[in-house]
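Please read the structure below before turning to the comments.
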């Protein structure tokens with residue numbers, strides 16, 4: 001008999017097609033997206049309810065998963081389900097325009113917001129780590145981070161290499177749910193990529209889904225591939241089986257001895273969770289898995305020391321004049337806590353490359369076809385091009401995405417668009433559902449990593465102009481406004497991306513079912529959501545955001561005086 005409430009060998013896949021298993025599309029949508037998060041083609045470890053990002057789960061236990069799905073199937077259009085850290089705790093009477101689901105995951109009072117306290121609660125069955133889109137049921141597989149990574153690499157190429165990454169190579173670590181986007185994003189940006197990953201099954205998964213081109217078992221083998229591709233001007237990627245905390249320092253040693261040097265260095269190991277996400281040097285994956293059960297503290301101590309070694313190497317690359325960036329997994333903070341004083345010598349990716357986009361409310365807009373039909377996504381791709389004819393960069397992205405990105409679970413698309421354009425696209429998609437161009441409704445959401453929905457001083461809000469990095473009123477206001485505006489489900493999480501104590505963030509998803517009611521909700525939600533990002537950055541003193549707010553006619557009395 002299985003006594004672990006978080007383990008089950010069931011295979012979960014979202015229903016496809018126009019038939020409902022809930023009372024309306026407003027409850028069918030969260031039901032399908034929750035199930036899609038645990039699709040074996042989507043989730044990193046679905047049998048343990050883990051979607052991505054270390055232990056980012058979709059539900060607290062399998063019993064909770066069953067209770068959530070049962071509640072969603074019976075929920076009326078005037079009721080709202082409350083989910084507390086992956087557990088369905090209440091159904092309350094609300095109204096038709098209210099969210100059908102409100103979710104709060106992993107939130108702790110600040111003084112107690114530590115991994116030690118969270119792990120204690122988690123062990124007792126009182127909490128669940130929701131990451132960002134795992135516990136908010138809008139994870140779309142590795143595609144969800146591809147364009148953001150692509151935009152980052154393109155901007156790095158523009159700043160450091162005259163906009164041309166041909167013949168250049170990027171060194172990184174981690175091929176999990178988020179990190180797995182890096183090799184494909186690098187190739188799309190015109191560069192080669194060497195990605196170090198300690199778990200061979202993850203490399204094989206990325207090979208199968210065409211996110212990485214080749215696998216190597218030794219550093220020499222991987223470097224030979226990189227050398228061949230860069231000399232030929234080809235953009236290709238290799239996943240190297242190894243530990244980043246060993247490979248990065250070894251590459252520094254070789255570089256100092258006149259060996260190969262990468263052109264850009266970053267990392268997306270699951271360093272945000274030292275206990276569950278990072279493999280210590282000298283340990284096997286199996287050994288770490290066993291020790292996490294028998295002696296979790298020893299894993300954490302060893303992992304932290306290894307992270308310091310990796311960051312020391314990254315600082316050495318930076319000191320050698322190589323563009324080096326933290327990709328938001330809090331690895332610099334851990335290294336600093338371990339005594340590495342100059343751990344923050346190199347910048348995070350948001351202040352270095354992404355913030356000007358956030359100032360205009362531009363961020364990771366995404367949608368999924370509840371029909372399960374890829375043609376619905378291809379039709380929406382065409383609609384995006386039609387409605388945004390002058391955005392050639394976006395057109396290029398959509399063309400590459402169609403050619404290179406394999407759908408995982410329900411077909412989905414991500415594209416970075418901003419204030420005004422999100423609303424325009426959402427209304428157009430709703431019209432396509434209404435007139436039968438699409439075979440079923442779609443859901444529209446985003447990552448919590450967005451312009452106005454997150455406070456994370458070591459990632460999205462690092463080095464804010466006015467010093468407001470740690471002010472977390474903004475994601476709270478974002479969640480409240482999306483609730484008031486009529487999003488289909490709204491989530492408020494803590495600790496995503498960078499780990500306990502380092503972030504608070506909000507998510508929203510809205511269903512376009514073709515109705516007039518949906519039209520009104522889409523109009524409000526898809527304007528207000530990115531507008532909070534423009535507001536937040538305008539308040540911090542960014543001129544781009546101030547200009548955008550004025551151009552779009554935002555009323556910001558305490559900021560613009562209107």
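Positions of Cβ are set from backbone N, Cα and C atoms, glycine also.
Annotated features in Swiss-Prot:
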type     : residues                                                           : note
BINDING  : 53-54, 131, 177-179, 197, 202, 243-244, 268-272, 278-279, 327, 497 : NAD(+) binding site
ACT_SITE : 415                                                                : active site
Among 177, 497, which are binding-site residues, the residue with the most C-beta atoms within 10 angstroms of its C-beta: 177
Residue 497 (NAD(+) binding site) to residue 415 (active site) - Cα separation in whole Å: 20
Site of maximum Cβ density within 10 Å, from recorded positions 244, 415: 244
Around the Cβ of residue 197 (NAD(+) binding site), the count of other Cβ atoms that are within 10 Å: 28
For residue 415 (active site), the one of 53, 177, 197, 244, 270 that lies nearest, given that the binding-site residues are compared by Cα: 177
DSSP three-state assignment (helix, strand or coil) for residue 197 (NAD(+) binding site): strand
Residue 53 (NAD(+) binding site): tally of other CB atoms within 10 A of its CB: 28
Nonlocal residues around residue 270 (NAD(+) binding site), in sequence order (Cβ under 8 Å, 6 or more apart): 53, 54, 174, 176, 179, 276, 277, 278, 329
DSSP state at residue 415 (active site), helix/strand/coil: strand
